[in-house]
Amino acid sequence: MNERILELFQQSPEAYVSGEEISRRLNVSRTAIWKHIEELRAAGYEFEAAPRKGYRLVSKPDKWQVTELLQGLRTKVLGQKVHVYGEVDSTQTIAHALVASGAPEGTLVLAEAQTAGRGRMGRAWHSPAGKGIWMSLVLTPRVPVYFLPQLTLLSAVALCRSIQKVCQVDIGIKWPNDLLIKGKKVSGILLESSGEDERLKYVIAGIGISVNLKVEDYPEELRSVATSLAIESGAEIKRETLVQAFLLEFEELYALYLEKGFSPIRLLWEALSVTLKRPIRTHSPSGVIEGIADSLDDSGALTVITGNGEKIKVYSGDIELR
Ligand code: BTN
């Protein structure tokens with residue numbers, strides 16, 4: 001039925017189609033039409049509703065253009081194998097399953113929408129259809145498992161630099177890997193891994209970038225803390241271009257990391273940080289820590305200097321900028 005409703009709108013683009021007309025032509029009730037329009041809205045179609053005129057199709061969801069993505073891809077390994085889905089629960093789940101069936105390093109999973117997008121620390125990730133980049137990247141670095149936080153920071157650097165190259169926005173990294181524009185979150189990274197003999201067997205880097213969401217695409221409770229690249233830059237961004245830029249940036253930094261270790265990545269992270277030298281608060285198992293975020297150590301932990309001059313390392317969790 002959704003397809004048939006869309007066909008009706010496509011026959012008269014730009015025009016209003018009344019509920020009565022849809023109901024007559026498709027032989028369904030007005031309530032059923034309303035339900036289908038709501039389903040299409042959830043799938044990324046935008047409709048304008050006007051009293052006495054009916055509905056007008058304003059825009060269709062963006063769809064991944066895989067051929068275009070691959071044609072403009074300048075990487076050797078990352079993204080050379082792409083799996084594209086419409087709606088999935090989480091691209092992370094799919095990437096884990098692909099690894100189990102032998103998917104090689106660089107395999108990329110992209111989805112238009114996620115119904116159960118996973119965030120860090122058990123949170124959900126808002127992933128509406130066609131509006132963002134919801135992707136998972138398979139990596140197989142043979143490094144010790146305790147290097148994982150370094151890869152988290154590397155991912156944030158790659159993402160931040162690629163966004164700076166593609167979009168005109170002032171973006172920075174909040175420890176460990178949230179990307180913020182004017183204090184609001186625009187992108188998040190979730191690394192999930194599996195180890196063997198104390199070395200990483202594989203890592204799934206899950207990346208969410210809120211690209212073309214409008215304010216009304218966010219639930220009320222996220223509007224004061226989250227934003228999108230389009231809202232902040234004032235222009236729609238081509239998702240394929242950003243994925244290409246990210247994969248290239250990641251591949252270059254990853255090669256540098258595997259050859260030279262974490263030091264060069266740490267310097268880049270520090271240069272992009274909106275955290276260092278600022279007052280922060282965090283919750284640790286032993287209570288609340290407040291102080292000035294001072295520096296990153298070699299493992300990727302954040303050193304915080306408290307009011308009484310004590311240096312405390314924060315290894316995981318979230319911080320609040322005060
Ligand atoms: C965070 O900041 O909490 C991390 C968010 C990570 C979201 C991405 S979207 C693609 C991938 N699939 C998921 O389920 N989560 C990650």
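Along the chain as shown, residues are numbered 1 onward.
Glycine is no exception: its Cβ is also placed from the backbone N, Cα and C atoms.
Heads up, TrEMBL stuff is auto-annotated, nobody curated it.
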Annotated range (TrEMBL: DNA-binding region) out of 19-38, 59-78, 79-98: 19-38
Further biotin ligand in TrEMBL, beside GLN114, ARG118, GLY119, ARG120, within candidate set LYS53, LYS182, LYS184, LYS185: LYS185
Close-lying binding-site residues around ligand 1 among ARG118, GLY119, LYS185, where CB distance stays under 6 Å: ARG118, GLY119
Protein Cβ atoms within 10 Å of LYS185 (biotin binding site), excluding its own: 17
PLDDT averaged over the residues of the domain 'BPL/LPL catalytic' (67-258): 97
